[in-house]
Amino acid sequence: MFYSKLLKIKNNIHLSQLSLIGGGLALFMLSPSAAAIDCTLNNSPYTINTNFNLHRNLPINHAEQIAENTTDIECDNTGINFYIDFEVTSNVPSIPSLPGVYPTNLRGIGIKYEIYEHYTSQCNKGTIYQIDNLTNTLNFNCNPNGKTSFRAGPDSFIYIVKLEENHEVGIINTFPIFSAKYSEASQNPTSGKTINNIFQLSNALTIRRNGCTLDSNRLDFNLGENQQNDFKGMGSTGTPITKQIPLTCDPDTKYFLQVDGVAELNDKGVIKLTPEPGAATGVGVQLLANGQPVEFGRAKQMGTSASSGNDIKTTIDITAQYYQTASTVTPGPANASATFTMTYQ
């Protein structure tokens with residue numbers, strides 16, 4: 001009797017378990033919140049300019065935008081009224097202390113990816129489920145608004161980042177590869193499905209350093225003593241002295257010179273003498289750049305560096321000479337000063 005009763009209990013437990021399993025399967029099939037979400041990426045990889053000039057005088061960690069695009073994601077079988085989370089991961093880690101910035105094959109050059117959040121988009125920064133949103137700044141979420149299918153996606157910006165002063169130049173052909181796991185916001189995205197190759201670039205990028213460095217930031221001219229009878233009339237000049245502004249430039253860099261000073265009327269590149277007791281009158285100091293009178297307060301292109309090479313040396317000739325500005329010249333100290341500014345493109 002004992003043995004038979006035990007068999008009966010075992011059979012009842014077994015039947016009860018089967019019944020519960022069947023009920024669970026039926027419940028799963030009827031639950032709309034458990035419907036599978038299928039998302040696909042529709043847009044092609046981003047196209048960017050093949051050449052990019054990075055100015056040598058930019059500060060460390062400066063970022064220059066190279067691309068802007070909207071990631072086109074289409075999701076079907078949603079029909080839900082809550083958000084879909086997308087956890088973005090890459091095949092390489094971001095640079096420590098620089099979230100969203102990744103190394104490239106060029107030393108000292110990084111590439112930064114950024115989600116741009118705006119109120120007209122169905123997608124926003126971060127995951128609702130809070131999956132590492134502080135260090136992983138590319139996570140995002142989208143709101144289907146109860147639709148059975150929808151198309152949306154975050155706007156994304158891509159930047160080149162200067163990480164070192166003496167960075168390498170050349171072709172960037174190694175970019176991080178991103179994927180996004182997605183699921184309903186009530187679930188951990190790491191358990192969901194995956195979209196591959198989001199934020200991808202379609203072509204290589206050539207980085208060129210652009211700019212010049214000023215090898216000397218001061219020019220001093222000693223015009224010596226000029227005799228009063230050296231000046232024969234308005235427009236006559238004293239003995240000229242020429243010095244050079246030395247530059248070290250990258251290839252194909254346009255360089256511009258601007259000179260600022262207190263100019264004489266109808267200046268022709270002539271600055272007034274510094275007011276001081278007993279100063280000479282009737283003369284000023286004329287400045288020429290590469291043989292031409294300077295135009296005060298205006299940046300003028302002085303040249304373009306060679307098309308190839310590294311640390312290309314070039315110079316700008318600056319000539320200073322006394323210039324008669326009035327019909328009568330009186331003797332005395334004749335000092336003057338001006339400032340010059342170099343800019344590059």
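One is the number of the first residue shown, and numbering goes on along the chain from there.
Cβ from N, Cα, C; glycine included.
As given in TrEMBL:
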{"type": "SIGNAL", "residues": "1-36", "note": "signal peptide"}
{"type": "DOMAIN", "residues": "206-345", "note": "domain 'Fimbrial-type adhesion'"}
Reported in the order helix, strand, coil, what are the DSSP residue counts of the domain 'Fimbrial-type adhesion' (206-345)?
-> 3 helix, 63 strand, 74 coil
Any idea what the model's mean pLDDT is for the domain 'Fimbrial-type adhesion' (206-345)?
-> 92
